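Shown next, in structure tokens, is the structure this report addresses.
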Amino acid sequence: MIQEKYYQAFAAFAGCNMTLAACAAALCAYIAPAAAGSGIPEVKAYLNGVDAHTILAPSTLLVKIFGSIFGVAAGFVVGKEGPMVHTGACIANLLGQGGSRKYHLTWKCLRYFKNDRDRRDLITCGAAAGVAAAFRAPVGGVLFALEEAASWWRSALLWRTFFTTAVVAVVLRGLIEFCRSGKCGLFGQGGLIMFDVFSSQTNYTTPDLLAVIFLGIIGGLLGSLYNFFVDKVLRTYSIINERGPVFKILLVVTISLLTSFFSYGLPWLSSCTPCPPHAMEQCPTVGRSGNYKSFQCPPGHYNDLASLFFNTNDDAIRNLFRSGSTKEFHLATLIIFFSAMYFLGIVTYGIAIPSGLFIPVILAGASYGRLIGTILGPISNLDTGMFALLGAASFLGGTMRMTVSLCVILLELTNDLLMLPLVMLVLLISKTVADSFNKGVYDQIVKMKGFPFMEAHAEPYMRNLVAGDVVAGPLITFSGVEKVEHIVHALKITRHNGFPVIDEAPFTDSPELCGLVLRSHLLVLLRGKKFTKNRVTSGSQILKTFHAFDFAKAGLGKGVKLEDIQIDAEEMEMYVDLHPITNTSPYTVVETMSLAKAAVLFRELGLRHLLVVPKKPGRHPIVGILTRHDFMQEHILGIYPHLNPHK
């Protein structure tokens, strides 16, 4: 560009971006497709009880880390914050399954965490650590896990996540101190406070509050519209991505070329601005980081649009949040930058690279907030930098639909407690307005990906049904001492993970419910082959043979499989005692309980199976089993279409 070879400059710029983008896309397309996107919807679904394939695998972790590096370096309008939440959850999952046998990383001391509850707690802590590391907001990380990620919360989990994020803050502080010498590139700028925003305004006039309310309404409308377009683009991209890895890479390269064209071409629309006479730093900027990019301008001038496009995302946000710089950006510059960020944020999310939504939303929100602040400057006492912060808050509230966690994250990001009342107000208004049109962006993605997510509240039509109305049949049960052939046959013809155990004669006078046995435990028992020729109890021998850790939750793909168990014809005719591995105190509800109450109970207790027992005595001791599938809208309305609220 110094030699005025502008086309060659664009070719070099776009070529570098497309190379980095292709590397990120190749990692996602060929090694770990689950690493694409932000990962927050997948983590949210897992903590709701949906263990989708490979979403927390070690390969996903590696691709998430390096794919994020390539994606952000390629100049995409994406953030690293969402992927860092997924990264933290993947690390926690690796610890929760005792390491990885496939990669020869196993730790015997971690075997105590190999159960569903402790692994879920670890992954919740990992998600909180990801937010704390990405935003340098320890308390915000705890609140994010509570408000958005976790479906089940308890007091012990509060201090565990708090301890995790405190460790993150200490480690970050140490790394930032180490990197002050310039050994780590652009990392560590600004300490733990990423965007140091200062406000001396403690009193708000009526015009100020009206301006903030207006900003919240606009943020809610823009946020709901953003979610609408993101949903449409994701559905379109899914059709392209389903055609194979080559099409995924081609889509990524196409979006990379489009982003490069916007980043390089739009600054030409902006005129050169004379450098401020009392600038705190060198103008125009020399080097990679700074506020005054020269671009094609003569000495002593800078290009304000290039100062936003040709900066790191953090520096661009810092420029928009800057106080006391009303005339630094022209109105036309803010309009162009907002339009570009809004459009590029929509078309970039959904391609096969790790990508977060926080940074695009903050950039777009800060630009339109600063735009409104510049327009309302004559009637409002608030600084344009404050308007930029409130605009980012309103857009975040309109897209993410979080309130408490976003408020704390923004305050920890900016170190400006004086803005607390206004940030709270703008978040509440934007969320309320946006909720009138659609759901939050992560909820939309969870639904679009088909995860059977259970909401915190029951649907209204569930009040017209009882538990016995939706249980699916036929019900497969086992006796307390069961024939091996029957167990093997049941495991072959079904994919059920839980089976009721019924005690019958000669062990009891009449059939009674003994409890629930899990598929994974049955497979471990069959592999041990502690069978008897006669139908007698042999629980004491089985307890001596197995240890508790034999039945611990297996790591990814490492569980016992039915195909690996060799049972001959003679063993098929033998019997096995199921009493030692049966959960004799499963959660049960009567068949006449309201389905709405059963759904709330199922979710609040974090269950996988809920046994339905008869109301009156004298009948078979169990009516059916309620699983997550039985509470899904598609299943219920498939049986009772007249209850469909949309008809």
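Glycine is no exception: its Cβ is also placed from the backbone N, Cα and C atoms.
TrEMBL has this to say about the protein:
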TRANSMEM  12-35  transmembrane segment
TRANSMEM  55-78  transmembrane segment
TRANSMEM  122-145  transmembrane segment
TRANSMEM  157-176  transmembrane segment
TRANSMEM  209-229  transmembrane segment
TRANSMEM  249-269  transmembrane segment
TRANSMEM  329-351  transmembrane segment
TRANSMEM  357-379  transmembrane segment
TRANSMEM  386-411  transmembrane segment
DOMAIN    581-644  domain 'CBS'
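A Cβ distance under 8 Å defines the sequence-distant neighbours of the transmembrane segment (249-269), meaning residues of its chain 6+ beyond its ends; these are 9-10, 13-14, 17-18, 21-22, 24-26, 29, 74-77, 237, 240-241, 295-296, 303, 305-306, 309-310, 332, 336-337, 340, 344, 347-348, 351-353. Counting Cβ pairs under 8 Å to the transmembrane segment (209-229), the stretch among 122-145, 157-176, 386-411 with the most such contacts is 386-411. Counted over residue pairs separated by six or more positions, the transmembrane segment (122-145) shares at least 3 Cβ pairs under 8 angstroms with the transmembrane segment (386-411), which defines the two as touching. Contact between the transmembrane segment (55-78) and the transmembrane segment (386-411) is not supported: fewer than 3 Cβ pairs lie under 8 Å, counting only residues 6 or more apart in sequence. Assigned with DSSP, the residues of the domain 'CBS' (581-644) fall into helix, strand and coil as follows: 25 helix, 12 strand, 27 coil.
When each of 12-35, 157-176, 329-351, 357-379 is checked for Cβ pairs under 8 Å to the transmembrane segment (386-411), 357-379 comes out on top. Listed as Cβ neighbours of the transmembrane segment (157-176) (distance under 8 Å, sequence separation of 6 or more from its ends, same chain) are residues 121, 124-126, 128-129, 131-133, 136, 138-139, 141-142, 145-146, 150, 184, 187-188, 191-192.
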